[in-house]
Amino acid sequence: MLLAAMCLALLGCLQAQELKGHVSIILLGATGDLAKKYLWQGLFQLYLDEAGKGHSFSFHGAALTAPQQGQKLMDKVLESLSCPKDLVPSRCDELKGQFLQLSQYRQLKTVEDYQTLNKDIETQVQQDGLWEAGRIFYFSVPPFAYADIARNINSSCRPHPGAWLRVVFEKPFGHDHLSAQQLASELGSFFQEEEMYRVDHYLGKQAVAQILPFRDQNRKALDGLWNRHHVERVEIILKETIDAEGRASFYEEYGVIRDTLQNHLTEILTLVAMELPLNISSSAAVLQHKLWAFQALRGLQKSSAILGQYQAYSGQVRRELQKPDGFQSLTPTFAGVLVHIDNLRWEGVPFILMSGKALDERVGYVRIVFKNRAYCTQSERHWVPEQSRCLPQQIIFYIGHGELGHPAILVSRNLFKPSLPTQKWKEVQDQPGLRLFGRPLSDYYAYRPVREQDAYSTLLSHIFHCRKESFITTENLLASWVFWTPLLDSLAFEVPRPYPGGAENGQLLDFEFSGGQLTFSQQQLEVLIPDLGSVPKPSDFQVLGARYRQSPLITAWPEELISKLASDIEAAAVQAVRHFGKFHLALSGGSSPIALFQQLATGHYSFPWAHTHLWLVDERCVPLSDPDSNFQGLQAHLLQHVRVPYYNIHPMPVHLHQRLCAEEDQGAQTYASEISALVANSSFDLVLLGMGTDGHTASLFPQSPTGLDGDQLVVLTESPFRPHQRMSLSLPLINRAKKVAVLVMGRTKREITTLVSRVGHEPKKWPISGVVPLSGQLVWYMDYEAFLG
């Protein structure tokens, strides 16, 4: 029967057309929800598209279920398959009959089952006089099952040399960078990179799949517009009306950021932001350009995100996971994240990623909003959509649902008339009364697909045709997790804002962005956290003054502490410029000062940057462009946002003559000479220090005498942490400063804070204890967690 079906299927391509070989497609998890809803229909669509074009096919549905029961379940799914509306019914019946005959169920549970499958495929190909082109294994199973299945395929089910193997995986691909690395390493031990296809089904959605072709086909119109000079912002949005009921186990582990932002929305972001390769048909070029886009993403801070949770969620978790009555989940079901890209094209343009459950509508879209610099002298009633520059200018890739109800591409008529392939996209008829993004539909050139197709049908076709650009490579996957993991870690204990769900949300989740920060527009009056007692807010405490090691101590919650320190630095700067015409500020690197840099960049517009010289307290011996470089952190979070003359910026010369911190290059002496030449008496106006958990400060470390005394102003040191080589201001130079501020933040600093408060002047054991300005002032800035624990 199977042979007869194959002969019938190949009848159309036997006339003078050479056969292209046999393809076996094995769907693992063939009776699961994803397979029932999308994958079998997608495989049927693949057969409809490819029947008669030279390949022969066999489809194997596989699961752990016993053969008889599994076949029964699979047959029920196959009977419900449908053809496109434009396919003649008789042709549909014919092809569906062939597909059913070519599809069979088999149990894949043991090594022997995989060996039997391999033998059956080889026997079938030989008996039918065919040659094997390749095999596709689609893993529609939970990730914990990947390793065993991969091992069995690799050992028992690979095709003979000359035939290809393609293995397809569904997310999640880990829950952070480390777990993603581990999974990638495990799969990489069984399969080559070119054999693996990681699915993000949003890349198969028609509007998303059209982003790169649209940019390519409209290069002439977009070349001058697709950049920071013309784009005001980019919104990448996915809203759902449903909640997480029935999926509490999954959602508690992943939450909304891992579920949608880290994958779907980030992949879309790269399609919008990446540089266009010369040939978008080259998978390798597209994937490389996407990777470069990942590498240009500015690191996220806690302040880059806002979180919410619909009010019924914790109750659902308690019921589904048998949690105690008082359990309150911190898992967010809503998130907005502000992303910036540090390159010439997108510098300063906010990319807003937002997704959530239990919202007011189901809709997904990508919206590029252009700056409006026009002023129109006539009243709005005389504005003509095709001509008036005062009307909003935007391009929208409408993913689906919402008021429009279907995928679409919308371009404001006052921008340009886009070019799209007419065989795939057609103009949308106007719908009077329908308004999208503040304008009537008639204000747009609007296009929709000639034939709507689900994402999995598109992706299965791309797998078959080896179009890797629609999938996620190991390198791009890990780059995404490198970007998202620090934010996820910083938000792990953040309490999300509760919201009622649906239309009742009102303006509760509206948010605003400024600089690198997102904040809710509406202040929340009350946060209910059952059984956790009263949770203090920063506003409940004032900035407190005290003394620490005989010097002034400022303590506060982090937000108030950073604000106070920034104000004190500005006051010192204004005073120095008033008296001496310049302000010399030496800054430390690391994570603690980042919030300070951001505060200075976004909240201190009277700061005398034009008269400020910026120096580094210490630097890692890496290129200045390296993410580990202290200068790179300063550049990302401060320098690019303020107007400091470039000749007033003094990075440490750690990279000379193609070498890093080589003593013979005399980088430390060069920096010392520069300080002596520009800073009066080598006395900085203000030095900002931190304190490590081992008592180190700058890059002066315990049990190392380097830089603790003597005449050297700048020294090379060795750190116990990677990268080991450092350059640092010496303790004698630091102590010449007019003011030294030590910033100490976080619960992990509590132990060293207590210890240092009790020791005397012991810089060899605790370098921070050697910070005693000769004639200047030392002030400690500590948050409550560092000071009180």
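From the backbone N, Cα and C atoms, a Cβ is placed for every residue, glycine too.
Here is what Swiss-Prot says about this protein:
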SIGNAL    1-16  signal peptide
MOD_RES   Gln17  pyrrolidone carboxylic acid
REGION    17-524  region 'Hexose-6-phosphate dehydrogenase'
BINDING   Gly29, Ala30, Thr31, Gly32, Asp33, Leu34, Ala35, Lys36, Tyr146, Lys171  NADP(+) 1 binding site
CARBOHYD  Asn154  N-linked glycosylation site
BINDING   Lys171, His201, Tyr202, Leu203, Gly204, Lys205, Glu240, Asp259, Lys357, Arg362  D-glucose 6-phosphate binding site
MOD_RES   Lys205  N6-succinyllysine
ACT_SITE  His264  active site, proton acceptor
CARBOHYD  Asn279  N-linked glycosylation site
MOD_RES   Lys424  N6-succinyllysine
REGION    525-538  region 'Linker'
REGION    539-789  region '6-phosphogluconolactonase'
CARBOHYD  Asn681  N-linked glycosylation site
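Features as recorded by Swiss-Prot, highlighted on the structure.
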| residue | record | contacts (Cβ under 8 Å, 6+ apart) |
| --- | --- | --- |
| Gly29 | NADP(+) 1 binding site | Ala35, Ala62, Ala63, Phe139, Ser140, Val141 |
| Thr31 | NADP(+) 1 binding site | Gly61, Ala63, Thr65, Gly70, Leu73, Met74, Val77 |
| Asp33 | NADP(+) 1 binding site | none |
| Asn154 | N-linked glycosylation site | Phe190, Phe191 |
| Lys171 | D-glucose 6-phosphate binding site | Arg198, Val199, Asp200, Asn263 |
| Gly204 | D-glucose 6-phosphate binding site | Asp454, Ala455, Tyr456, Ser457, Thr458, Leu459, His462, Ser470 |
| Lys205 | N6-succinyllysine | Gly364, Ile399, Gly400, Pro407, Ala455, Thr458 |
| Lys357 | D-glucose 6-phosphate binding site | Glu240, Ile242, Asp243, Ala244, Val256, Tyr310, Thr333, Phe334 |
| Lys424 | N6-succinyllysine | Pro449, Val450 |
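Asn681 (N-linked glycosylation site) and the residue listed as 'active site, proton acceptor' have their C-alpha atoms 56 Å apart, to the nearest angstrom.
In the three-state DSSP assignment, the secondary structure recorded for His264 (active site, proton acceptor) is helix. The shortest Cα-Cα distance from the residue listed as 'active site, proton acceptor' to any of the recorded positions (Tyr146, Tyr202, Asn279) is found for Tyr202. A Cα-Cα distance of 22 Å separates Tyr202 (D-glucose 6-phosphate binding site) from Tyr146 (NADP(+) 1 binding site). Around the Cβ of Asn279 (N-linked glycosylation site), the number of neighbouring Cβ atoms within 10 Å comes to 10. Listed in sequence order, the residues of the same chain lying 6 or more apart from Tyr146 (NADP(+) 1 binding site) and placing their CB within less than 8 Å of its CB are Phe139, Phe169, Leu183, Glu186, Leu187. Residues Lys171, His201, Tyr202, Leu203, Gly204, Lys205, Glu240, Asp259, Lys357, Arg362 are recorded as binding D-glucose 6-phosphate; their most distant pair of Cα atoms lies 22 Å apart.
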